[in-house]
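Participant: Sequence annotations record features per position, and here TrEMBL assigns ATP binding site to Lys14, Thr173, Asp174. Taken from TrEMBL, the feature substrate binding site applies to Ser54, Asp141, Asn153. Annotation source TrEMBL lists domain 'PUA' at 281-364.
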Amino acid sequence: MHSVIQQAKRLIIKVGSSLVTNDGKGLDAAAIAKWAEQIAHLRTLGKEVVLVSSGAIAEGMQRLGFERRPTGVHELQACAAVGQMGLAQIYESSFRAHQLGTAQVLLTHADLADRERYLNARSTLFTLLQFGVIPIINENDTVVTDEIKFGDNDTLGALVANLIEADALIILTDQRGLYTADPRRDPDAQFVHEAKAGDLSLEAMAGGAGTGIGRGGMLTKILAAKRAATSGAHTVIAWGREDRVLSRLAAGEAIGTQLTAQTAQLTARKQWMADHLQTAGRVVLDNGAVQKLTAEGKSLLPIGVTEVGGEFGRGDVITCVDASGKAIARGISNYASSDARRIVRHPSSEILSILGFVEEPELIHRDNLVLL
Ligand SMILES: Nc1ncnc2c1ncn2[C@@H]1O[C@H](COP(=O)(O)OP(=O)(O)O)[C@@H](O)[C@H]1O
Ligand SMILES: N[C@@H](CCC(=O)OP(=O)(O)O)C(=O)O
């Protein structure tokens, strides 16, 4: 019995190129329809699902008549642009059959490295989930070059898991999971049912991609599990063509390789904030706001702030101090210091008229806040 997917409330599901495009033969509509049906079922169980799908380049190659993967970066980018249309179309119609809308989200490494864009991507994804649509994510291949690429969507899946604090990452691939060696090369390879995410011995077992279609191979999946675990997300690597694989995982069946995160979600997040020893600025809270944060676990609203110190940007970690100057919390600011100065002491309903825009009603959302 594997219970991590059964218990997960928010899930990232990553499907690889070889699966989506039937080993490069063209989009596998039947397989995609089955995942869409199962994801619709997961939604009825109350789970939020974000899909990370590869396959744009493979599908674009097919559409443009390439027999082999082109080597030129612009040809690859052109393939991605062409193929992404196919992906968007097939996901939209497959989910539509289950009364579910989809949204296309194309991300680059630079988007997640930049704090402001990181926060924007995060807020947009949360909003899409609130609207009940399925975000379909891929790398924005047309604008990236090798140096700034995620490179493989396993890594992207893990970063998205970190971004929206998913409980689990499911990586669907063309193998049943991790073996002690590449099963395509070593007939004696043993299946690994369960391990700790981040266990170094796993990295020695995993090899590169098995076909010319996929990019990452097993090593990037193992590293993705390690990365996902830093924000407390567990990973399951499973065969995408396994009968009802997603529904059975959600029912607690032990399919695939389960890589369990060792850090609890909250601890991981707290640790991340605690690591920000040098914060960019500070806000002074009135007694009411101190009470809301410390005793009631609430978010910090601009109205509870009396003073803003230092220069910081949206997305920077700042310190919250009480009237005596004692640090009581640390968190990610939704507003730059220049904007924060204008909205403090005001109710959130006035943010729009003061600034002309609203990022969020909170200065720091409680999910982005750690008490000291
Ligand atoms: N230890 C291992 N266990 C399982 N598969 C492995 C291992 N090492 C390498 N592989 C290879 O990784 C491949 C899956 O990665 P990849 O081709 O990138 O798929 P995807 O397109 O799903 O990301 C498998 O087909 C397999 O040949
Ligand atoms: N963004 C690329 C994904 C490349 C990639 O990571 O492929 P895979 O190893 O199959 O997940 C595409 O859509 O073709």
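Just so you know, glycine gets a Cβ as well, placed from its N, Cα and C.
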Participant: Check the Cα-Cα distances from Asp141 (substrate binding site) to the binding-site residues Lys14, Thr173, Asp174 and tell me which is shortest.
Facilitator: Lys14
Participant: Please identify, from the binding-site residues Asp141, Asp174, the residue with the sparsest Cβ neighbourhood, meaning fewest other Cβ atoms within 10 angstroms.
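Facilitator: The binding-site residues Asp141, Asp174 were compared, and Asp174 has the fewest Cβ atoms within 10 Å.
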Participant: Please list the binding-site residues from Lys14, Asn153, Thr173, Asp174 whose Cβ falls under 6 Å of any atom in ligand 1.
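Facilitator: Thr173, Asp174, in sequence order.
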Participant: Near the Cβ of Ser54 (substrate binding site), how many other Cβ atoms are there if near means within 10 Å?
Facilitator: 28
Participant: Using Cα-Cα distances with a 10 Å cut-off, which of the binding-site residues Lys14, Thr173, Asp174 are near Asn153 (substrate binding site)?
Facilitator: Lys14
Participant: In Å, rounded, how far does the Cα of Thr173 (ATP binding site) sit from the Cα of Ser54 (substrate binding site)?
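Facilitator: About 11 Å separates the two Cα atoms.
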Participant: Which secondary structure state does DSSP assign to Lys14 (ATP binding site), in the simple three-class scheme?
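Facilitator: Note: Lys14 (ATP binding site) is in a strand by DSSP.
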